[in-house]
């Protein structure tokens, strides 16, 4: 999870949104800031010990810019917690001359922080990163209830998702 340019500076973010929430890459210390608990608001997510989190973080960090996890955090808050997150996985293809596709996954905003535009900011930044990485498209799967939300993020409905779970 190598560094890319972060979202606009805190001052710019405050001017744009009226809050000091920053969008940045996941850090190894985010376990203590409730990252795993936030993911459990999206889907079943067993609690990880600090060492399990560190091992998973190291594995994902080794993928570099092909696997980017962003988080939203308000460093001005008395108790800094992760308020939102989203992930971008970049897939290399033989199609389109070895093109790349960005997959947006695991987007969730803490229930207490919803309605503040944090998910939109995370998703838009993930799309920017995909574009910077040379992806020819960005795709995601969502429930029917979230179609309108992702349409606000610029996505259009295409196709049908099918899955096999193990």
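Each residue, glycine too, has its Cβ placed from N, Cα and C.
The annotation in Swiss-Prot ties 93, 94, 95, 96, 105, 106, 107, 136, 137 to substrate, and of the candidates under consideration, 43, 51, 80, the one tied to the same site is 43. Under a cutoff of 8 A between CB atoms, and with a sequence separation of 6+ in the same chain, the neighbours of residue 152 (acetyl-CoA binding site) are 120. Nearest Cα neighbour of residue 43 (substrate binding site) among the listed binding-site residues (115, 117, 119, 150): 119. When the binding-site residues 94, 96, 106, 136 are compared by Cα distance to residue 115 (acetyl-CoA binding site), the shortest distance belongs to 106. Its own atom aside, the Cβ of residue 94 (substrate binding site) has 7 Cβ atoms within 10 angstroms in the protein chains shown. Whole-number maximum of the Cα to Cα distances across the acetyl-CoA-binding residues 115, 116, 117, 118, 119, 120, 150, 151, 152: 17 angstrom.
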